Amino acid sequence: MLAVPMTSAGAGTTAAKDRSKDRPTVAGIDSSTQSCKVVVRDAGTGELLRVGRAKHPDGTEVDPAHWWRALEEAVADAGGLDDVDAIAVGAQQHGSVLLDEAGEVVRPALLWNDGRSAEAADALTAELGGPGAWAEQVGSVLVASLTITKLRWIAEHEPESVARTASVCLPHDWLTLKLSGGARLVTDRGDASGTGYWSPREGAYREDLLHKAFGATPNLPEVLAPAASAGPSASPLSRGALLGAGTGDNMAAALGVGAQVGDVVVSIGTSGVVSVVSEVPTHDPSGLVAGFADATGRYLPLICTLNAARVLDSAARMLGVDHAELSRLALSAPAGSGGLVLVPYLEGERTPVRPDATGALHGLTLATSTPAHVARATVEGLLCGLADGLDALVEQGCRIGRVVLVGGGARSEAVRVLAPAVLGRPVVVPEPGEYVADGAARQAAWVLAGGDAPPAWSLGRSQTFEADPTPGVRERYAEVRDLTATRP
Ligand SMILES: Nc1ncnc2c1ncn2[C@@H]1O[C@H](COP(=O)(O)OP(=O)(O)O)[C@@H](O)[C@H]1O
Ligand SMILES: O=C(CO)[C@@H](O)[C@H](O)COP(=O)(O)O
């Protein structure tokens, strides 16, 4: 059984804050690409007490002030945090937050899905001796998503920003800093492992690589142990609550679903992610698998695509339907959509590395030119990219156990039904929830409880979806996935 919290509540649920003093509560924050979510849970049982949400602005370059405003709004939507004893932040990985001597933001953050640093990634790769050298030294081959490539882009294009930069951190580090009232700049090994200048194997920063990219060596956040505290919050939002180290959103999701070694988490959010909890670090020179660390002291080999839930959003928009109808249409068409394939590179792609690619529909005939076929091809194309990712984890020798499906896209019935057919394995779907925020909350509960492992929260309901594998769908996808036009 999965350690998934049982109860759920709607946005803005305001359960009375009348808990007795012997029932501590914790809050978890998910500051992801599209929105901020806050959950408040009972620290001992994991019972969900309240949840709040607020939207982030669109765009791949964002002033961190927007994340703070959304956090304030989401906290208000969750009925406030006055009663909370500990709090931790999970957030989108990789974004580059540059701070000056006074702790002020130097320029808007370049997010994980900002592709402008693709050439910087290529240049840095060559400078260290090729992809294998980066895989060996920091666990991951560089792509435009990794923080270090953004720092190189800034160094090349905005030397004045470099000159003003005293510290560099990540989105979750910055939010934790704000919650600490500006007192502590900390991070954790999970999020640090996505920078390109922290080695999961050595458990240490590689300041030489940072200097190589940025031409300077700014201060970096202290990397805290998984259950260490960053001290009390000094923010009016959560004054006095103990702060956890926080982590990247994918590490938090693994913690939130209680993933054990071998458990695969497939997340269909803005990004499409396939990750697996591993006892050993990976060093994939092909670059498909990023060799990240997790939030518990283990590792989280991961593949990430740029195109996931928004592919469903755009298909629904194109067809002029809502998500429920898109799903119904997809399930009404035959497996393989009569040969129609959607290659979902709508924002270019990171895995495989196709930064300049565009999406494509292959196999249009009179018979396949129907909304149902397009809907089916959309869901199957999205899942085929993730199935390729799962194969890459297997190829790295990762132990593969259960497959757990989460993220906004998992709310689509068609995704849930077709995932086991395309992935070729049963898929466990926990009830819809905010698993990144839950993981952050669980880290906060661990900070309170101490010990070697996060508290075992009550198990939640989940449903296992099974289906006969449809290898033909993947074979057809493999035939056409590279036949895409570049951006005009
Ligand atoms: N029922 C649904 N079917 C398909 N997609 C959905 C559904 N509900 C929400 N989404 C999509 O999920 C995405 C948000 O997922 P989420 O995991 O919260 O993303 P992120 O964490 O990257 O901000 C949005 O693109 C949204 O449109
Ligand atoms: O870049 C990665 C992982 O390497 C992304 O997974 C980001 O962490 C953003 O996540 P979502 O907003 O899609 O959850």
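From the backbone N, Cα and C atoms, a Cβ is placed for every residue, glycine too.
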TrEMBL annotation of region 'Disordered' - which of the ranges 1-31, 32-62, 342-372 it falls on: 1-31
D30 (site 'Important for activity') to D249 (active site, proton acceptor) - Cα separation in whole Å: 7
Rounded inter-Cα distance in Å - H94 (substrate binding site), D249 (active site, proton acceptor): 10
Between D249 (active site, proton acceptor) and Q93 (substrate binding site): CA-CA distance (Å): 6
For H94 (substrate binding site), the three-state class that DSSP assigns: coil
Sparsest Cβ surroundings (other CB atoms within 10 Å) among the recorded positions D30, D249: D30
Cβ neighbour count (within 10 Å, all chains shown) around H94 (substrate binding site): 27
